[in-house]
Ligand SMILES: Cc1cc2nc3c(=O)[nH]c(=O)nc-3n(C[C@H](O)[C@H](O)[C@H](O)COP(=O)(O)OP(=O)(O)OC[C@H]3O[C@@H](n4cnc5c(N)ncnc54)[C@H](O)[C@@H]3O)c2cc1C
Ligand SMILES: Cc1cc2nc3c(=O)[nH]c(=O)nc-3n(C[C@H](O)[C@H](O)[C@H](O)COP(=O)(O)OP(=O)(O)OC[C@H]3O[C@@H](n4cnc5c(N)ncnc54)[C@H](O)[C@@H]3O)c2cc1C
Ligand code: SF4
Ligand code: SF4
Ligand code: FES
């Protein structure tokens, strides 16, 4: 099978958006779900969240950050190129219902998966307050898009180059301490950020949902590589999640399991760079 | 009385450094000598032992004439995947167990002869099949393991328009992701799949039913559906330390190695932890495959930890012998109770307890009981859990009415029909983890049922 890249754009340095032609996936996709792609015969299967989808045009949007071999190789591909595999939609869809006021927190590339959720919450009549954050202003993605689907948009940057000087967690805490009743918080971003949000909301008794990103292979419940510990129970993030209640998540286990292949990932990237030259323009 | 021809094999000290096939296959001379031993019984017992009732004396007799083309024709009347079955069938429990020669001497090596005929045909180039007159009926096959492939092949031959849906990026089920290259070369499975496509069947990989489409949708779009979704959900033991870094399910370990070619890392992109001391928990074919793969990945020491004794090991004898030759250590009557944690939540040994065999249990095998105070630690940095699998429920998502047992297996009648009209099922999804040939038998049965149903 081949899945065509119909559009490709760099959003900020090292973060790219791609629209992939996959009409059946687009037709079934819902916020909160993800896909798994493989670039070529030798490729690794990597999971990426569905950032958007267009049923009429038949494409799915992914937004990814260059991390290692596969995402760097993907970043070099252009509109018109084809991916070998694109499986989805995988995982459970977010439970988006009318509950009142929802706070959506996106950190870094985690803003991408938050976006379709914000839109969906808003569409059915919730009040949506979004908090997005990045290291600095030049790394902030989807600000306009988020603005368009939020009643209120708050921005935090680590260096203060835009919005609040500090972490998204500071803004979450301010909201929780404020007058407005918050009915749910959804936080997606690096595990360290989700753990921090979980820590902040814990004393407040506000339902807090996070989307977990363990290493996956098949994404269908067949390998168990994606297992996470939720309230003392082992779950497979690809079929039981990826979203879970933040207070139940064992973030230390998640983070440690994510580092399992660090040595091999370096080796893979080095081999790739050697074969290609990091600045080459080959596909 | 003559004895069976030995299978030529790659020597153990060589093969532990590669993933190439261990059993090399009979030469033509050997195949002829072995075929000559067959008595061509009038009431052949061997046929009763074969789940798809291959006309064994029939094909062997063609072999004796040196007519391998007709021999494979006889086999293929009832078996779609002879190159596969000849390699991985538990023959010693099936056809060969009942061979009359086995009473006084050694049975005919039926599987090896079957393999010889299939390999011979493949080397000569399989002729393109004649595509049947279309019936205008559409059948969906979900899952492309041996059950799905067999059903697809038979239904395509009958002229139905067949579409196969596969969750992974390659067709073949366990034949591709589970059974290693050194036992079943993937090229063989690929050729079988291509043959089925030449029959006119369509293959959609990357297609998870229950996610991209529901079973209900398939029922609407197709005249009949076959579910051959296997038993791919790995079981864990529920002991302390099972989520540590370095603990794999056999499914994950084997999928990384076979489907994702991690043994060629970094030429292929998918990594695997190679480990120096590997413990595999379990005693079936899956455990043997995992242990032998770990050995080939370069581990210094690989052990099988199994709670019963050698007699009860469920794996095929041949696989156990091969594993022993390759230096796999068998730590029998041993059960893991805890996986010990080292640096950065990684595995640092396994605590086991000694077992002894007590009274027989429901399965008729003597029940293992722990020996108090016999806890001891075995050195390990990788642990692979191979204690079984159950059906993966993802297929049921978003659809109603399919009856399943409390164990998650799909309920069918003798004809392979589920609780839904026009929907059949077979293979591991119905029986729980079983064998390639039983899955094929079920695929065949279901194809017949569907064919009858569609001709009404
Ligand atoms: C459900 C889910 C949704 C995700 N959504 C997005 C997204 O929308 N955008 C985005 O940029 N990233 C997303 N990720 C993370 C993304 O999958 C990894 O960044 C990617 O796999 C890295 O591959 P690599 O070869 O470039 O880097 P590597 O060098 O291989 O790895 C870099 C880091 O990524 C993680 N990783 C490696 N392999 C995998 C794997 N097979 N599965 C999961 N994580 C892995 C590890 O923590 C590793 O340290 C998601 C992950 C999951 C599980
Ligand atoms: C490591 C290992 C070694 C083995 N060794 C032997 C042996 O030596 N001899 C022997 O006889 N048997 C052996 N077996 C058992 C044998 O392989 C199985 O019994 C047989 O493959 C079952 O066939 P199946 O067609 O029912 O299912 P499977 O082979 O499991 O195939 C099922 C397929 O369905 C797909 N699928 C599942 N759900 C969906 C969905 N929702 N949508 C789309 N596709 C889906 C899966 O991805 C898979 O490809 C072994 C098994 C393993 C794991
Ligand atoms: S298919 Fe299996 S059981 Fe039947 S004859 Fe061949 S090897 Fe024996
Ligand atoms: S039982 Fe043995 S000897 Fe008789 S036909 Fe079968 S294989 Fe030949
Ligand atoms: S990724 Fe394999 S079970 Fe979740």
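Each residue, glycine too, has its Cβ placed from N, Cα and C.
TrEMBL labels come from automatic prediction, so no person has curated them.
Annotated in TrEMBL:
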| type | residues | note |
| --- | --- | --- |
| BINDING | A:63, A:64, A:65 | FAD binding site |
| BINDING | A:223, A:226, A:238 | [2Fe-2S] cluster binding site |
| DOMAIN | A:1-96 | domain 'FAD-binding FR-type' |
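Shown on the structure are the features that TrEMBL records.
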residue : record                        : contacts (Cβ under 8 Å, 6+ apart)
A:63    : FAD binding site              : A:11, A:15, A:16, A:17, A:18, A:48, A:49, A:51, A:109, A:112, A:141, A:142
A:64    : FAD binding site              : A:15, A:16, A:18, A:48, A:71, A:74, A:75, A:109
A:65    : FAD binding site              : A:14, A:15, A:71, A:108, A:109
A:223   : [2Fe-2S] cluster binding site : A:216, A:217
A:226   : [2Fe-2S] cluster binding site : A:214, A:215, A:216, A:217, A:219, A:236, A:237, A:238
Binding-site residues among A:64, A:223, A:238 whose Cβ lies under 8 Å from any chain B Cβ: A:223
Among A:63, A:64, A:65, the binding-site residues whose C-beta sits under 6 Å from ligand 5: none
Structural state of residue A:63 (FAD binding site), classified by DSSP into three states: strand
Secondary-structure category, per DSSP, in which residue A:223 ([2Fe-2S] cluster binding site) falls: coil
Where residue A:238 ([2Fe-2S] cluster binding site) sits in the secondary structure, as DSSP reduces it to three classes: helix
Helix-strand-coil residue split for the domain 'FAD-binding FR-type' (A:1-96), DSSP-based: 13 helix, 46 strand, 37 coil
Env. residues of FAD site, Cβ within 8 Å of mean position of A:63, A:64, A:65 Cβ: A:15, A:16, A:17, A:48, A:62, A:66, A:71, A:109, A:112
Where the C-beta lies under 6 angstroms from ligand 1, the matching binding-site residues among A:64, A:223, A:226: A:64
